[in-house]
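Features reported for this protein in TrEMBL:
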{"type": "DOMAIN", "residues": "B:12-207", "note": "domain 'ABC-2 type transporter transmembrane'"}
{"type": "TRANSMEM", "residues": "B:26-48", "note": "transmembrane segment"}
{"type": "TRANSMEM", "residues": "B:60-79", "note": "transmembrane segment"}
{"type": "TRANSMEM", "residues": "B:100-128", "note": "transmembrane segment"}
{"type": "TRANSMEM", "residues": "B:140-164", "note": "transmembrane segment"}
{"type": "TRANSMEM", "residues": "B:176-204", "note": "transmembrane segment"}
{"type": "TRANSMEM", "residues": "B:224-245", "note": "transmembrane segment"}
Amino acid sequence: MTPVIQLAAVGKRFGTISALDGVSLEVRAGELVGLLGPNGAGKTTLLRVLEGLLPADSGTVRLCGEDPRRPHARLSLGATPQETALPDTLRVRELLRFVSDHYPHNRREEVIDSFALAGLLKRQVGALSGGQKRRVAVALAFIGAPRVVLLDEPTTGLDVEGRHALWQAIRSAHTDHTAIVITSHYIEEVEVLAQRVVIMDRGRTLMDRPTREIVTGRNSQHVHFTVGRAEEPRVRSLLRAHACTTTRGEAATRFAVSTDDPDSVVRLISESGLAFREISIEKPSLESAFLAAIRQNRAPSAEGMSS
Amino acid sequence: MSSARSQLTMIRAHLRFSLIDTLRSPISLVMTVLFPSIILAAFSLVQPELRTQAGAATQATAQLAVFSALTVGLCAVGFDTARLRESPWFRYVRILPVRPVVTVLGLLVGNLVLALTSQGVLVLTALIFTPARVTPSHLIAGAAAVVISLIPFILMGITIAYAVPQKAAAAITMPTLFICAALGGLWFSPATLPAAVAQISRVIPTRGPRDLVLGAVLGQPIDLWVAVNIVGWVILLVLSATWLIRRDTGMRYR
């Protein structure tokens, strides 16, 4: 199956700034890709090129095999307006209809369902809350049954509850037929939603891997638990095959065990009849992988890191 | 997929969008529709002949019809075009699978409806409250002449919107509107202008449309220079608008 997004060695300069510096990326139908990068990494330029708003200076850009600058190619594209950009005067129903009128097939009813818009249809957009506008804006991206959906920071500015509701809606609107590319300031968002993560900095892709592989390196998970001081030697002999660090308190010791297989560690200590408490398993975060990748990319240069 | 039917569906969607957007902003709607009639009322107060002489009243109405077309072209179309360039909503619309000409067409037809409504109100006001008179066939000819005169005015609005950023466009539009209205003879008959100004008047882009509409309404022959004025300005404005739109494409970062 040919990829629905094909970027090959795409370059884009604005004056002396190289916004995209030979970016290659392929995304297939059904994938949900998270695009991460610090401000100015080139994420937005990448999306603008894919949306056909900007021509690339070099390389090729294909959307389902077509140049996205042709209107016909954009039949397979869905994107989100900024929440503040929605026209205040229209009712939600009229807005959904306006967008769906551009596509031969539309999923208006499913989208109303997925994004819980039924109660908002008669309201004017200007009268909606920020969270409701966000929901409408993201829903518009799915309405034309597109093969490619681009979501640029879909939940920025939402409270935790609103963010989780929108994640749920995006998941339920995602089908095997559709590829989604999502950029976000919330690394957690990408970790939760995306099966694959692309990290960009200074116009280049630094990393492109399944999310699972980024967050599961060798001995990268930690099992933490606490036992009485007296039990410490017994725990050490039990876990002699593992790398452990300990923190000693007055009466208790807290262990941190590095492992690939936290399940087996938990099984080992619980089957030994040890009186442990406060057990927890810590996975490495995408955030630490992200920061490490950016730091490494910028290390040789003398420029300071922007925060 | 790009069948004629789906093209029509899109054109209808953009037209509906433009009309809803206009109709739901009542203050600007009322002002645009009533503005020419309000000016006619104000002029009648200070110019007694508009209350007594049919010829003077008819001429004033025809001139204000052109003024109304000028405000629609410069202000309404100009403002919409500036929005097309700069508003994030229209940046989103450019991502939709639709050729830009459909969006522009939607806005133009929406504004055309607005312009003709405003003209209708003006004609009714004139027929009811002033001695202005016109035969049905001359009225139709006048309406057609007004539609023709909208062409250079719309091109002016587009040119200004593409030439400068939105805030500057507002600042340039107002003086342009008043200069074109005063020197083009839309407020006072060019016959009352000083000789030197009357000469300049003939090259003003509103003067050709004014004489065209007046000729149509009064059933008088139209001078050759009127056609030269209109065609000349249309060619000039098409060239400048095309150049400015090309210059604008791909200039934006976001």
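Going from the start of the chain as shown, residues are counted 1 onward.
Glycine too: its Cβ is placed from the backbone N, Cα and C atoms.
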Which residues, given as numbers and ranges, are at least 6 beyond the ends of the transmembrane segment (B:26-48) yet have a Cβ under 8 Å from it?
56-57, 60-61, 64-65, 67-68, 71-72, 75-76, 114, 117-119, 121-122, 125-126, 129-130, 187
Among the recorded stretches B:60-79, B:100-128, B:224-245, which has the greatest number of Cβ pairs closer than 8 Å to the transmembrane segment (B:140-164)?
B:60-79
Under an 8 Å Cβ to Cβ limit, what residues of the same chain, 6 or more beyond the ends of the transmembrane segment (B:224-245), are close to it?
148-149, 151-152, 155-156, 158-159, 162-163, 202-203, 205, 207-209, 211-212, 215
